[in-house]
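Here is what Swiss-Prot says about this protein:
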DOMAIN    1-61  domain 'TGS'
REGION    242-533  region 'Catalytic'
BINDING   333, 384, 510  Zn(2+) binding site
């Protein structure tokens, strides 16, 4: 009879098989009411799951991440139930949990309207209030196909037909609605109390544009109302900070149909870019990197030898000239190996660090493009370190220090570190992967940091350390990477002369602190809501006159500040000063300098700092304030 070990180490013995719910009830009535699912020997299961052996069990409630996952998945089914109640002719397809919520795809004769969405959400609330039991049962594959065909659910039947013969499938029934699902689900609809439908979008069946267009209803679900309110507030703030809107409002960049996934940078936007790039260039120079430049296009044969053609071809732009195939580079690494290979290298040259603000192009699907965050043409702050195995840990430590200093400079103080391990599609021997992954773990230990491991998410040629920064809205963005690669030096025949005069392969470390500069600038725009710190702002201040009488004095002030190295705009338009102040406030400039007759007579400037009136200052005092505000180089 089963002995059940709980997370605190205590063991409960039962004289017959017992469900997860019954174990929870034996601990306390409160826990039984709160139980949403269980984790039996690491596997997430329903509360109705019968345990007939000795096992480890954790009861899952809405306080656990697993609990929230179960709530969201179950709410997707509640959505489908409500749609079938209101629109019986609609056919259901798939409805998974996603980040912060869920979606469900439906086939219906007409698009769902905002009024439909409100009615569906109301029906979901009614069904939840009824606290209808959610029951799991199993059917053989062929019976499941016959069942779904009998109720007119052709899409579900098609899904099951792709499952091998002889499989037994799990179905979930709540009231009049039954769905195919692995589960687990909440024990009853009454556990689903906090949800909201967000929007409807189109989605092709099975993600194939040749198939029919379905309607995807997105929703969000939470354990507590205050969590939902906080999420909706975050979305509202995110909309205000949307880099696509601010990019136009602040005259930084624009996008247009003639160049999908490519960015047109305006003067202010390009100044912002240069502020970031020049800071990174100085940082890399200080760290001993040698800046290089590699061709935009190289013979397809090189990409075949590197492994990119076999593992990345669908993302590459291919062209032809004089009967030779060329690929526009999606990455900089093979080019850096060519520079390494251009001369005889000695162990005394290592570590050799190359850096490139390399322009890359990737053939991203048009549906995946998003402002400047997801583009087809982008620049990476790329770098490659050629070193010996003995040098890996020190190089990793040095890069870790560098990347943390960079994030601190840009105002990101919350950084999570993750280790992405071998993907399903990869090159190289398993023993090489074992060595590379353990090498990355050793490097992280040497840095003295904690990390999370992500199985299956490494690059096709090696594992990678990922740096995830958290922005002002609490959103996480993966930016920096450090990848350990034994494969590419082998495939492209890179070697150096060792201290015993033998030829050896270098280890290659791929590294980037920011990743795509376009994406990082998008993150910066949204993080600061366009109100950049002084050092980063494309225009740091504007000098405005009140009347024509102060125009010459205003121009002198602007010229003197420019001479001291500041980025200054001069606004001498014949407009009311209130109008000029409001207009420049929308541009989110760090400082506005106003000069009238009094300032001109006294040799002063009136200063506003993003709405805060700093009063009248001498130009020397104001310049000293500016210099004190600028970070050290």
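Quick reminder: no glycine exception, Cβ is built from N, Cα and C everywhere.
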Around the Cβ of residue 384 (Zn(2+) binding site), how many other Cβ atoms lie within 10 Å? Please give the count over every shown protein chain.
26
Across the domain 'TGS' (1-61), what is the average pLDDT of the model, as a whole number?
94
Work through the binding-site residues one by one (333, 510) and point out the residue whose CB has the fewest other CB atoms within 10 angstroms.
510
Excluding 333, 384, 510 themselves, the Zn(2+) site's Cβ centre has within 8 Å the residues 331, 332, 336, 337, 382, 383, 483, 485, 488, 508, 509, 511
Is it possible to list how many residues within the domain 'TGS' (1-61) are helical, extended or coil according to DSSP?
14 helix, 23 strand, 24 coil
